[in-house]
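The feature N-acetylserine is assigned by Swiss-Prot to S2. The annotation repeat 'PFTB 1' is assigned in Swiss-Prot to 14-55. Taken from Swiss-Prot, the feature repeat 'PFTB 2' applies to 62-103, supported by sequence analysis. Taken from Swiss-Prot, the feature repeat 'PFTB 3' covers 110-151. The repeat 'PFTB 4' annotation in Swiss-Prot covers 158-199 and rests on sequence analysis. The annotation geranylgeranyl diphosphate binding site is assigned in Swiss-Prot to H184, A185, G186, R226, P227, E228, K229, Y235, S236, W237, W238 on the grounds of similarity to another entry. Residues or ranges marked as repeat 'PFTB 5' in Swiss-Prot (evidence: sequence analysis): 206-247. Per Swiss-Prot, Zn(2+) binding site is recorded for D232, C234, H284. Swiss-Prot lists 254-296 with the feature repeat 'PFTB 6', giving sequence analysis as the kind of evidence.
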Amino acid sequence: MSSTSSSQMVQLVADKHVRYILMAEKKKESFESVVMDHLRMNGAYWGLTTLDLLDKLGCVSEEEVISWLMTCQHESGGFAGNTGHDPHILYTLSAVQILALFDKINILDIGKVSSYVAKLQNEDGSFSGDMWGEIDTRFSYIAICCLSILKCLDKINVEKAVKYIVSCKNLDGGFGCTPGAESHAGQIFCCVGALAITGSLHHVDKDSLGWWLCERQLKAGGLNGRPEKLADVCYSWWVLSSLIMIDRVHWIDKAKLVKFILDCQDLDNGGISDRPEDAVDIFHTYFGVAGLSLLEYPGVKVIDPAYALPVDVVNRIIFTK
């Protein structure tokens, strides 16, 4: 399905990945589509951002995407994973990111959306994901990233938010989902990303964290999320983006990681899997292409490691009043 037996590195089959993403949206009755129905907003963000990184966002109907996206907004201001589902901070960020891709943030009632996010901050500075109250540093990142894109960071207590994130730092330099929780690459991205956006990276022990992150690279070149786990393409994003934000990306073997990602492609039908020869999906296709972007692979647009959006999109947001 994916890798070749020769030592020669395969190339990125970008056109096939574009076709795979466009076809995936049309296969409403497929197993993948059915099981992902409740998080379609995330799937849309993964697919659309991949298309943008490959300079093919124009292949989709902007009007159709935005029309569907707005049906997912709840009266609270938050967005759900699909029409008729409950709102959650995770899907709200994905919705805002999608609108950013299309330069359509102005269609939002920004005050309403930002208030929904801000109300999820707890007294200790942490954030809940929704009204049910689960707390996780993922939600801290999501809130900070979302409000930064909307230019509404002043709606939360940033100092308390940063203090809570720092309280989740471990002796190995990494970060967990809550204070005392095990360090994990996904949580590290969230914490480092939030600290980067708020200008608080001085709280990170860059050498200790950099060492922990570069130890995630295995012999085949791929990265895992924590010790003793298998390599997975998605960590090409979580680990690499964090290393870039703390200026330690030169500590890993980039060429071997590029080969690992490329070997996870389905060269016939498009899409990228978690590891060579496994089934492809939208999630890993996005993180594989995003990882190649961070690795400066030819033909892939540059992605911002903190905002997880193409740099041209982020620049447009930052420099627009």
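Just so you know, glycine gets a Cβ as well, placed from its N, Cα and C.
Bear in mind that the values here come from a model prediction, so they are computed numbers and not experimental data.
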Length of the line joining the Cα atoms of G186 (geranylgeranyl diphosphate binding site) and D232 (Zn(2+) binding site), in Å: 12
Structural state census, the repeat 'PFTB 5' (206-247) (DSSP three-state): 20 helix, 2 strand, 20 coil
Secondary-structure category, per DSSP, in which H184 (geranylgeranyl diphosphate binding site) falls: coil
Around the Cβ of W238 (geranylgeranyl diphosphate binding site), the count of other Cβ atoms that are within 10 Å: 25
Binding-site residues (H184, H284), the one with most neighbouring Cβ atoms at 10 Å: H284
D232, C234, H284 excluded, remaining Cβ within 8 Å of their centroid (Zn(2+)): V233, Y235, S236, S273, D274, R275, F283, F287, G288
Binding-site residues listed as G186, P227, least Cβ neighbours within 10 Å: P227
Spatial separation of C234 (Zn(2+) binding site) from P227 (geranylgeranyl diphosphate binding site) - C-alpha basis, Å: 16
Listed in sequence order, residues with CB under 8 A of S236 (geranylgeranyl diphosphate binding site) and six or more positions away: G222, L223, L257, F260, I261, F287, G288, A290, G291, L292, L294, L295
Cα-to-Cα gap, K229 (geranylgeranyl diphosphate binding site) vs H284 (Zn(2+) binding site), nearest whole Å: 17
Rounded Cα separation (Å) that holds between H284 (Zn(2+) binding site) and W238 (geranylgeranyl diphosphate binding site): 12
Same-chain residues at least 6 beyond the ends of the repeat 'PFTB 4' (158-199) whose Cβ lies under 8 Å from its Cβ atoms: 121, 124-127, 135-138, 140-145, 148, 205, 207-213, 216, 223-226, 235, 237-239, 241-242, 245-246, 305-308
Number of helical, extended and coil residues in the repeat 'PFTB 4' (158-199), per DSSP: 23 helix, 2 strand, 17 coil
